[in-house]
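These notes are about the structure you will find just below.
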Amino acid sequence: MEDFVRQCFNPMIVELAEKTMKEYGEDLKIETNKFAAICTHLEVCFMYSDFHFINEQGESIIVELGDPNALLKHRFEIIEGRDRTMAWTVVNSICNTTGAEKPKFLPDLYDYKENRFIEIGVTRREVHIYYLEKANKIKSEKTHIHIFSFTGEEMATKADYTLDEESRARIKTRLFTIRQEMASRGLWDSFRQSERGEETIEERFEITGTMRKLADQSLPPNFSSLENFRAYVDGFEPNGYIEGKLSQMSKEVNARIEPFLKTTPRPLRLPNGPPCSQRSKFLLMDALKLSIEDPSHEGEGIPLYDAIKCMRTFFGWKEPNVVKPHEKGINPNYLLSWKQVLAELQDIENEEKIPKTKNMKKTSQLKWALGENMAPEKVDFDDCKDVGDLKQYDSDKPELRSLASWIQNEFNKACELTDSSWIELDEIGEDVAPIEHIASMRRNYFTSEVSHCRATEYIMKGVYINTALLNASCAAMDDFQLIPMISKCRTKEGRRKTNLYGFIIKGRSHLRNDTDVVNFVSMEFSLTDPRLEPHKWEKYCVLEIGDMLIRSAIGQVSRPMFLYVRTNGTSKIKMKWGMEMRRCLLQSLQQIESMIEAESSVKEKDMTKEFFENKSETWPIGESPKGVEESSIGKVCRTLLAKSVFNSLYASPQLEGFSAESRKLLLIVQALRDNLEPGTFDLGGLYEAIEECLINDPWVLLNASWFNSFLTHALS
């Protein structure tokens, strides 16, 4: 750091900083961060004053170097950088000639135009925190405070920034450059952290000896002693300060800070109404697969060939009939659509060579199901400007729905293990550095915990369906293309397996914009009888299409096989994100890594191996009405993965809003649990913002009910 300071700053500034440190008895070889901070502060003070002059008319003007008017009076008197005696002499002289009130502490500059002393601050923390500390130390309304940060933020008394924007921009740019230069040499983190104040010490026990010295060294800047700092913290009155700041913003704004106590928060109000329904793009726990092991047929890997091969494994087809109609749809059309798929697949099999893709005939039932010619005709705006009552359609408010138990069951199922592996261990080259070795060890442990997880199956299924649908939407825009819903996995014995879940038929797809919608009809196999939870299947028409022999504890039993049919839609941007669902694996791995890091820093060694191999240890996985649920590390991995996958499958504006707003309340509650005595204003407004997102989305409603469980246990 010392070398960097000597290279980065003007020699005059470096010399002044050395003198200052000597005067205060500090060793610049040891206190290198302080050395850098003093140089930075000096440079900002000089830049603040540079080029600013006062002309004969008493107006402030900016004059660049080398200008013939260099005899003009300087606008600012620089006090910072002088030795203490000289500095006080200058301050006294200014007070005598201008009648200014003498400050208690040495300021940095005097402004002859505004007739006030200026305290300049340069902080590595948040500007308002540093501003508060300065204001509290000076306790004088006469001295103007101006704080700059290394991130380009600034704060000044009464938002009066003294200088023009260009001059301030020069200072901010210089600070940003210093930060980048430090970062490129690996010095920034240490420099940034060296300014941090320690947390307040609550107990009033006497601190002596080494601990006392450490306490005094650990104080935030501008505090000479622990008592001084304690007095500041105890006497800090947020209401006055925050109200003052708000009153600068607007006369209408006011905010009383209310203490947030255990009794303050209430549970979130979940909506009443009919139970919520399934809205994912494909079936989850209710899906049924027709599978082939060790596929080696001709054209293996071509979706249509694979699908036909899977269909041939089932012999229990029967005349289909509707067992659960769609309330608002024309159900015979859904029935005819399935019959058409069967017939056209049969036609393909009768051909000599199976084609690689199949476009369905544009029958009336498919046109209806895919909304063909249903969109209102678009009219050019110029042609209807004169229409008097031109207005947008009135759209009904969404109907409120209540939480139903099926979504918790879906989540539980997603956390479970299946008997197949859905992802391969990445074949990655030799580790070069030790950190890579740790990273790949963690990845391998994590992969082995989640490779058989049902949530991982949903990822691979989602990636496949979205990729196939986006490809078809671009390659066959006008066609009703038949797209098999396929996934691939490995059995316990390591044999490859190809699975067919059903089919999608894509509608017209001239997708110009990211949000343009392509309609599709999905037809998915299932053994779930829809009559058990009809509310879950509100958007579906369900057919009974066959009987399947299932191996059970009492031998083979015959179960009816259903087909869940619905009209759905998606867009380019949704398909793009669907194709990237593998990111969920990365997100949950990072969450697990941060748990390992926390454990490792406590034990001061890498705890990866112990973390995954100590089977007796349990970890918190979430809240339920019973309290905090704990489980093995594998279950934690799978639960985190399932949450990430459901955030992707059930992505919606309601979820975005709920996540952002409930997080604020969560942080306040956590602050209360950590005894940080949080205060809030407009808590009612925050509740309103959260509850505005609780409308009808099953995943959001489930998260809200989990949040209520968390509130109950966090505050009991």
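Yeah, the Cβs are placed from backbone N, Cα and C, and that goes for glycine too.
For the Mn(2+) 1 site, Swiss-Prot records H41, E119, I120, and the single candidate of D27, D50, D108 listed with them is D108.
Looking at 124-139, 332-347, 476-491, the range annotated in Swiss-Prot as motif 'Nuclear localization signal 1 (NLS1)' turns out to be 124-139. Residues H41, D108, E119, I120 make up the record's Mn(2+) 1 site, and a Cβ search at 8 Å around their centroid adds V44, C45, E80, P107, L109, I118, G121, V122, H146 from the same chain. Reduced to three states, the DSSP call for D108 (Mn(2+) 1 binding site) is coil. In terms of DSSP secondary structure, the motif 'Nuclear localization signal 1 (NLS1)' (124-139) contains 12 helix, 0 strand, 4 coil. Cβ neighbours within 10 Å of D108 (Mn(2+) 1 binding site), excluding its own Cβ and spanning all shown chains: 24. The CA atom of H41 (Mn(2+) 1 binding site) is located 9 Å away from the CA atom of E80 (Mn(2+) 2 binding site). Cα of E80 (Mn(2+) 2 binding site) to Cα of E119 (Mn(2+) 1 binding site): a distance of 9 Å.
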